[in-house]
Amino acid sequence: MASRFIQNSFHQQESQRPSRALSEHQKSRSEKGGQKVHHKSHASHHYNPLVIPCDWVLAENHAKARRVARELEVENQSTCPCCGYSIERTDLEYDCDPLEMKFLGSGFPLFYMFIKYCIFILVEFWLLKGMFCLATDLMGDYCYNQDKIKIQEQAHHSIHDHLNQQHHHKHKSDNSICGGSLWHFVSLANVYDREDIRNLQSNLSLVVVFANMVSFLFFRKAQRSIDIEVDESQLTPSDYTICVKNIPKLNEDYKEVLKNIFQNYAADGRELSVTKIVLVYNLDEVIELEEALKEMIREKQEYLLENGMNFTDFKVKQLDEKLESLEQKIHQKEHELFINKEKFAGIAFISFLTEEMKQLVLQHNPHTSWERIKAFFNNGLTGDVKEKGLIFEGHKLYVEEAPEPNDVDWEFIHIQTGQKVKARVIAWSISISFMAGCFFLIWFLSELAERMNEQVEEQEKKGIKDSLTQTIAFLTSQSISWTVVFFNKFVIGKVYHLIVDLEKISNKTKFNISFARKQSVALFINTALISLVIDFYLTGNVIGKGGFIYNESNVFLLNAFIPPIVWFVDPWSIQKDYQRQKQQKNVKNCVLTQQEANEIMEMPDYSQAKRYGDIMKTMWFTFFYGDIIPLGILFSIMGLTLYYFVDKYNVLRRRTIKESLSKHLSIEMIEMLELIIIFTGIGNTVVSSILFGEVKWQDFIIIIIGVVYILLPMEDISSVLFPLEQKDEVQTYYEAEEYFNTDYDRENPVTRREILHEIAKKK
C-alpha cells in the first residue's frame, strides 16, 4: 500500500527546490593517504596537478595548509589551490586539552580519552591486585632455593634422558622446574608450592573484574559526553544528512523522485524540506581511466629522466597531448554518469533543512540487519510490504545516519554486497595464512632456543664452560621476544592494512574499525597465544630456562617501551624527510608532478586504527598474563603513559590528518576493551590447569560474568544510568553551510569538478 501510494502521487505533487547560492568554502579534507586517489579538478584554473616540473613553492604552501593546526580567523585568507585549506594557521600548544583538537572531528578527543581510561584501568588492576601479587611472589622461595634448583635440574636431566630414549630426542620440559632468572623471582613461578597464596590472588581477581565493570560504565558516559560536546560545537553536513540505500533502478529523474518521497512520505505525513541530494555512481570505468593516466605519467617521467629534461622533445609533446586527451576522457566519462541511469549505485545522500527533520526521518524509518539479509537474497526486493518504513517499487529504502563527507570512501561505496562478501572471504583467508606463518616462525625459534639451552646444560653437567654456546643460547632465547615485538611494530600493521584494503569498505570509520579489530586480534595472537600454545603444549617449558615465563616477561618489557621509543624516533618521518631533501636537491632533474610534490611535502599520514590496535593488544595481553607476571602490569602502565605523550606530540607536530572519524570507532573499541574481563578468566584458567593441574572456581565465575557482560547492551544501559541531553542544531542547513569545510557534492568525484568551478566563479 505504501509502495503504491508513493508511486501514484509522484507526478501530482512536485515540490519546488528552494533557491540557494554556493558559499565560498574550502575543498575536501579527504585526500586519501595510502589508497587510490581519484583525479581531482580544482577551483583554480591556473592549478594543474599533473604539470612537470612542479612548483616547490606551491608544494610548500600545500604542506602548510595540511599541517595539524587551527585556521586563523581572518579575512582574505590564502588557500591552497590543491586542497582548498587555509595556509595561515596557528599551532596548538603541546600540552593543550585534547578537546581543542575537535576541529579534526570527535575521533581525536575520544581517542586520547580512551588512552587515559586504559591507563586508569591498568592502575586499578595494579592497586587492587598487581601490587599484592608482586609482593607475595617475592615472598615465595621456590626459585630462590638453590638446593631445590639443583635437585630440580637433576630431575630435569633424568626426565630429558628418558624422553630422548623414548621419543627419538623429541623433548618436553617438566613444568615444575624453575629457570631461576630475575623474571622467575617476580612471577607466579616463585610461589609454585604455595597454594594458599595463589588462592588469595584468585579472590582478588573477582574484585578487579567488578571494579572494571563499574569503570566501563563511567568510561562510556565520558565518551558520550565528549562526542556531544564536539558535535554541538562543530557544524558539519552530516548533522543534516541521511544516507539512503537499496534504491531501485528507474527511468526517471532520481533526484526528483527521492525529493518527492522524502519531503512528503518519510515522516508519517509531515511535510519536510529537502535541501540537497547527492547520488552515488559506479566509478569503475573512471578508476580504470585514472590508472591509465597514472601509467602514462610514469612513462613521461621515465622518458624525461632517460633523455634529459627536454620538454620540447617531440615524444614529450606527444605524451602531453595523450595526457590531455585522457583527462578530457575522464571528465567526459564523469559527465556521462549523470545521463546513464544504469551507473547509479542505488545510494543517495539526502540533506534536510533542519537537524530535527533528519532525526524524524531516522525515527520513522528503522530497519534491521535481518531485513537487509533477506533483501540481499531476493535481489533487493522486500518480501513483506507491511514492514515499517518506506517501500518503493518493491524495495525497502534503508535509511541510516550519514557519515561525514570526507569519511565516505567514494571508490568503494558503490560496490555490491556480493562483491564485498567475496572480498572479505579472501581477506580472512590471507589473514589466517599470515598468522600461521607467524606461528611456525616463533615455534622454530622456540625449538632452537630449547635445544641450545639443553646443550648448555649438558656442557655444564660435564664441567665444560663454552662461552660461545652460552652466548648463542642467550641470544636465541632473546630472539623470540624481539621477533614478536618487531613483527608487531613493523610487519603486522602493514600486512593488515593491505588485507583490509581488499575488503572494499564504504567509509573510513568502518575501514578503521575493521583494521583495528583485525590488527588487535593479530597482535594479541602473536604476542600472547602463539607463545602459550608453543610453550605450554609443544615444548612444555613454562617456568624453566628460556621458557614461557622468561619469554613473556621480556615481551612485557619490550612491548611497553619499544613502541613509544620507535614512535618518538619516528623512522617514517625520517624516511619522508630523506625523500623530500633528495628531490629538492635535484630540482633541475626532478620529474615529480605537482600532485606528487605536494604529497612529498606533507608530513606522513596518521592512522588512528593502528594506534588503537597497539593499545588494545597491550590491554588484552596485560589482563591475560597480569596474574602470572604482575610486574608486566607496571610495565604496561608506564608504556601507555609514554605512548600517550609521544602520540599527541606526533599528531600535533609530525603528522598529516586525512580522516575525520566518527564516534563509532571509539564505541567499537570500548566493546573490544571489555573483553579483558573474559581474558582475565581464560588466562588464569589456562595457567592454573597447565601449571598446577587445577581450575579455580573464581576464574570460572569470571568467564561467565565476562560472557554475560559482553552480551548485554552496555551502551544502552550506560545511556539509561547516565542520561545526557543532546540538542539538535538550531541553525538551518543554509545558515550552517558557510561553516562547512566540505560537503557531499564536493567530495563525490563525479560532481566535484562542477561544484568547485562554481565556487571559483563566486570567488
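Using the three backbone atoms N, Cα and C, a Cβ is placed for every residue, glycine included.
Note that the coordinates shown come from a computational prediction; the quantities given were computed from them, not determined experimentally.
Look at TrEMBL and you will find 286-343 tagged as coiled coil.
Taken from TrEMBL, the feature compositional bias 'Polar residues' covers 1-18.
Residues or ranges marked as compositional bias 'Basic and acidic residues' in TrEMBL: 22-34.
Residues annotated as compositional bias 'Basic residues' in TrEMBL: 35-44.
Residues or ranges marked as domain 'CSC1/OSCA1-like cytosolic' by TrEMBL: 239-411.
Per TrEMBL, transmembrane segment is recorded for 110-128 (among others). Within the chain, the transmembrane segment (110-128) has long-range Cβ neighbours (under 8 A, six or more residues past its boundaries) at 98, 101, 204, 207-208, 211-212, 215, 219, 222-223, 226-227, 608, 611-612, 615, 618-619, 622-623, 626, 633-634, 636-637, 640-641, 643-644, 647-648, 663, 665-666, 669-670, 673, 676.
If you look up TrEMBL, you'll see 200-219 (among others) marked as transmembrane segment. Taking Cβ pairs closer than 8 Å, the transmembrane segment (200-219) reaches residues 117, 120-121, 124-125, 128-129, 132-133, 136, 188, 627, 670, 673-674, 676-677, 680-681, 684, 696, 698-699, 701-702, 705-706, 709, 714, 717-718, 721-722 in its own chain, all 6 or more past its ends.
Residues or ranges marked as transmembrane segment by TrEMBL: 425-445 (among others). Through the fold, the transmembrane segment (425-445) approaches residues 476, 479-480, 483-484, 487, 495-496, 499-500, 502-503, 518, 522, 525-526, 530-531, 533-534, 538 of its own chain, all at least 6 residues removed from its boundaries and within a Cβ separation under 8 Å.
Residues annotated as transmembrane segment in TrEMBL: 480-500 (among others).
If you look up TrEMBL, you'll see 521-543 (among others) marked as transmembrane segment.
Outside the transmembrane segment (620-646) by six or more residues, the chain places 112, 115-116, 118-119, 122-123, 125-126, 129-131, 133-134, 137, 183, 186-188, 201, 205, 520, 524, 527-528, 549, 552-553, 555-557, 559-561, 563-565, 567-568, 614, 675-676, 679-680, 682-684, 687 with a CB less than 8 A from a CB of the stretch. According to TrEMBL, the feature transmembrane segment maps to 620-646 (among others).
Sequence-remote contacts of a segment are chain residues at least 6 beyond its ends whose Cβ falls under 8 Å from one of its Cβ atoms, and for the transmembrane segment (672-693) they are 118, 121, 175, 188, 192, 195, 198, 202, 205, 208-209, 212-213, 216, 516-517, 520, 532, 536, 542-543, 616, 619-620, 623-628, 699-703, 705-707, 709-710, 714. The transmembrane segment annotation in TrEMBL covers 672-693 (among others).
Here the transmembrane segment (700-722) has Cβ contacts under 8 Å with residues 205-206, 209, 213, 216-218, 220-221, 224, 667, 671, 674-675, 677-682, 684-685 of the same chain, all six or more residues outside its ends. Among the features that TrEMBL reports, transmembrane segment is placed at 700-722 (among others).
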Chain residues in Cβ proximity to the transmembrane segment (480-500) (below 8 Å; excluding those fewer than six residues from its ends, i.e. six or more beyond): 34, 427, 430-431, 434, 438, 441-442, 445-446, 449, 511, 514-515, 518-519, 522-523, 526-527, 531, 551-552, 554-555, 558-559, 562-563, 566, 607, 610, 613-614, 617
